[in-house]
Amino acid sequence: GDILDDYLRTDGVWILTRNKQSYTTNSERECAEKCEDERSFNCRAFLFTRIKQQCLTLAENSKTTLMFNSTDAVLYEKKIYLLQCKRGNGKDYRGTEAKTQKGIPCQKWADKVPHKPNFTPEKHPHAGLEENYCRNPDMDENGPWCYTTDPTTRFDYCNIPECEIECMQCNGEDYRGNVSRTESGFQCQHWDSQEPHMHGFLPENFPEKDLKMNFCRNPDGDLRPWCFTTSPTKRWEYCDIPRCTTRPPVSGSSSQCLSGKGEDYRGRVSVTESGSTCQHWNTQFPHRHGWIPDSYPCKGLEENYCRNPDGEKRPWCYTINRDVRWEYCAIPHCDGTEQQSAGMSTDVLEQSPVSEECYRGKGLSYRGTASFTVSGKECQAWNSMFPHRHEKTPDKFPNADLRENYCRNPDADERPWCFTTDPGVLWEYCSLKRCDDQIQE
């Protein structure tokens, strides 16, 4: 295959490193060959500038040093040095784990105390024996190991997870791989960037979602990992990441009672707190919705049981009442405390305006009839191409309920929005409040 297949490409960035070599080359492939042939140090990445056609081979990568924006530069990093998992017996593992499975710090491979090593960087220059990182220079079937800093324990194995980073379990909410292009080939926009698309998914706002670099992620519980694109005309798109062939790990608690927000609740309550029977998740009547069991295999959307697939306050369901789209369910707490009755619950107040006056979460399920933006502009009908041509049509987004000119959120934006009837303003967010904010007021 292409020599560049072994590298992860990132456009428009530069990294600082003292240990580097400069070459003049005609292409990225020639620069990659310089990196492969580098003898001054262990080449982990290279930078190529298009205008000057300058090639810099680097001893470090984005995991070990600082990174900056640089319009003309392209960074190529060897994928093997970005992996924090092992493939097979881990003989090619080049991650930075430096303690044993029992937590004992590793001895540096170049050190002679407390243990005199048989495997050293000099004797095995191609085994990656750097610092005190776990390695497998002798191809031990039990995987990467290291000499330990405990005088009574010469060596021990390291706890390195198996690699399946290029596949996803469930809907990919735990996907932490390095795919950074969408299914139709667009390069992903960096999560910490607001160009060309402004958004609210900043790494500091979602520290647990691993919004690194421009890697595909699923921070909002969507169908599968996605990213904003670097194309000004394509706000976002899903990434083409296959499902893992192994079964997802079984959750430790498939709870029959309410703990926390009840996201792990798998009981059989199928009635809302006001007594309405729940609609089956695999039906679209009387309420159309996007929570289809086949699309969300790990959310427990069985029968018409109450569930919490979207991180709401507690389990809920759509109801069979045409006039009430959804309600919370009365699930007993695991600690034995009782919920308030429907007549006393403040959350009941939240139900009446849900479909009309306010939205939950990011408003993906909002189905009200608001049709004006925050600045008072009237919304353009979704099936109209005047005054603005667009791709957000009812045909392309059948589950987004793009009726009339009602405010909706078909593309997982920050909140419901619409195209405007003002020729000079393409779109704006709608004049809607979050349901939580309204109850607080």
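Note that Cβ sites are derived from N, Cα and C of the backbone, with glycine treated the same way.
Please treat TrEMBL annotations as automatic predictions, because they have not gone through curation.
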Cross-link partner of Cys329 (disulfide, per TrEMBL) out of Cys306, Cys334:
Cys306
Second cysteine of the disulfide that TrEMBL assigns to Cys244, among Cys158, Cys163, Cys167:
Cys167
Using C-alpha atoms, which one of the disulfide-bonded residues Cys167, Cys216, Cys257, Cys358 comes nearest to Cys306 (disulfide bond)?
Cys257
Express the distance between the Cα positions of Cys407 (disulfide bond) and Cys418 (disulfide bond) as a whole number of Å.
5
Just checking, which of Cys317, Cys334 (disulfide-bonded residues) has the fewest C-beta atoms within 10 Å of its C-beta?
Cys334
Pull the DSSP breakdown for the domain 'Kringle' (256-334) and write it out as helix, strand, coil residue counts.
0 helix, 16 strand, 63 coil
Within 10 Å of Cys216 (disulfide bond) by C-alpha distance: pick out those among the disulfide-bonded residues Cys244, Cys257, Cys379, Cys418, and say none if nothing qualifies.
none
Find the one among the disulfide-bonded residues Cys239, Cys278, Cys329, Cys418 whose C-alpha lies closest to that of Cys358 (disulfide bond).
Cys418
